[in-house]
Amino acid sequence: MATVVLGAQWGDEGKGKITDVLSEGIQLCCRAQGGHNAGHTIVKNGKTFDVHILPSGVLTDGCVNLIGTGCVVYIPQLFKEIATVEKNGIDTKDRVLVSDRCHVDLDLHTKVDGLEEVELGKGNIGTTGKGIGPTYSTKATRSGIHVADIFNKQLFDTRLRNMAAGFKKRYGDLLQYDADEEIKRFDEYRETLKPYVVNQVPLIESAVKGNVRMLVEGANALMLDIDNGTYPYVTSSNTGLGGVFTGLHLNPRKIKETIGVVKAYTTRVGSGPFPSEQINEIGEKLQQVGKEFGVTTGRKRRCGWLDLVVVKFSNSINWYDAINLTKLDILDDFDEVKVATEYTYEGSRLASFPANLDVLEKMEVKYETLPGWKSKTVGLTKYEDLPENARKYIEYIEKFVGVRVKYIGTGPARESMIVR
């Protein structure tokens, strides 16, 4: 049976920590989509680890980690992360696997990513610049490269040259790229990569039939989903529950629990709609106290109050069994806390989160104000030890969304978690 962990907002909710906590006793930890644009921070034994393409289960002894078919893989980043965790005494031998059907994120894609953002000007998406969008684009136009293709040098070289020629026609001299240099690098990667690559289909089938305990780690979050997010200010993959099934070939009837990870306030990196954003001292305080800087880019995150319209919309798509509320402790010093509960447009209440960007820009947000608790929750591990107003805040969220808050993060440490 599998437990699925998914981001319920715009990412950076703290999925890595709950994934690490739940990975104890897990035999197989999987990523289903995304690439090294994701960034998960995990504090373990006093050390802080940032992983971008490796599943967080790599830090758990005996847990096998699979980068699934729906992912795109930048090979140098994969090697870099493996080297980093091994340097810290974590053995990855036979514990890191890459589906041979993953698409390869090339340096060519990274260069094109930068050119696309420049071309968009003030309307840029605010991507991580990691080549993720262009890699998924070449996948969709059937001009991309599978991981399996790397091991057929003639095929790989031909496909890469054809891809480069196509982009050269599009961008001309603006694209400064040497295909021969990248081909030489892959000549060096080929043998090192080979032991990690597997056919995912029989692996997952065997795991399901053998009742292997599985954990699926979502990357990014629902509001960045290519179909359901704030398009076009989204990532290029399906970040919701649907992406788990297409990216891992997992049996839908073998899902034990789907956990939505919700930050106790809201953040977003990059451009795009953010209804509850606070461009004021509240936003600044959340950013500073919460240390809100992107793990992948280092960019300052935009901050605002918890938007329950977003969380409820997310639940309508992902159907969470439980919520992991993270970073509750960041709100400890607020006199009052607000939650967004309703959107109105031209005098009418909106039934759900709208797709129309013009409506998102012009609509009004209604807030409910709740009393703060003005006392420390850092490190608490029992629900009854939380201040009364903190408990009321959690219970308000539960009632509004209709999903139980089962896990509550009370600090960055692995042990700072309440389980109800």
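Even glycines carry a Cβ here, placed using N, Cα and C.
All TrEMBL annotations are machine predictions without curation.
Copied over from TrEMBL:
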type	residues	note
ACT_SITE	Asp12	active site, proton acceptor
ACT_SITE	His40	active site, proton donor
ACT_SITE	Lys139	active site
BINDING	11-17, 39-41, Arg301, 327-329, 409-411	GTP binding site
BINDING	Asp12, Gly39	Mg(2+) binding site
BINDING	Asp12, Glu13, Gly14, Lys15, Asn37, Ala38, Gly39, His40, Thr128, Arg142, Asn220, Thr235, Arg299	IMP binding site
BINDING	Val295, Thr296, Thr297, Gly298, Arg299, Lys300, Arg301	substrate binding site
Among Asp12, Asn37, Lys139, Lys300, Arg301, i.e. the recorded positions, the one with its Cα nearest that of Thr410 (GTP binding site) is Asp12
One should report the C-alpha separation between Arg301 (substrate binding site) and Thr128 (IMP binding site), rounded to whole angstrom, as 13
Most isolated by CB count within 10 A, of the binding-site residues Asn37, Thr41, Thr128, Asn220, Thr410, is Thr41
Quick note, Leu328 (GTP binding site): same-chain residues at least 6 apart with CB under 8 Å of its CB -> Ala264, Thr377, Leu386, Ala390, Tyr393, Ile394, Ile408, Gly409, Thr410
If you tally other C-beta atoms within 10 angstroms for each of the binding-site residues Gly11, Gly14, the top scorer is Gly11
The recorded positions listed are Asp12, Lys17, Thr41, Lys139, Gly298; by CA-CA distance, the one closest to Asn220 (IMP binding site) is Asp12
Within 10 Å of the residue listed as 'active site, proton acceptor' (Cα basis), scanning recorded positions Asn37, Thr41, Thr128, Lys139, I find Thr41
Whole-Å Cα distance, Thr41 (GTP binding site) to Lys300 (substrate binding site), is 16
Excluding its own, the Cβ atoms lying within 10 Å of the Cβ of the residue listed as 'active site' add up to 19
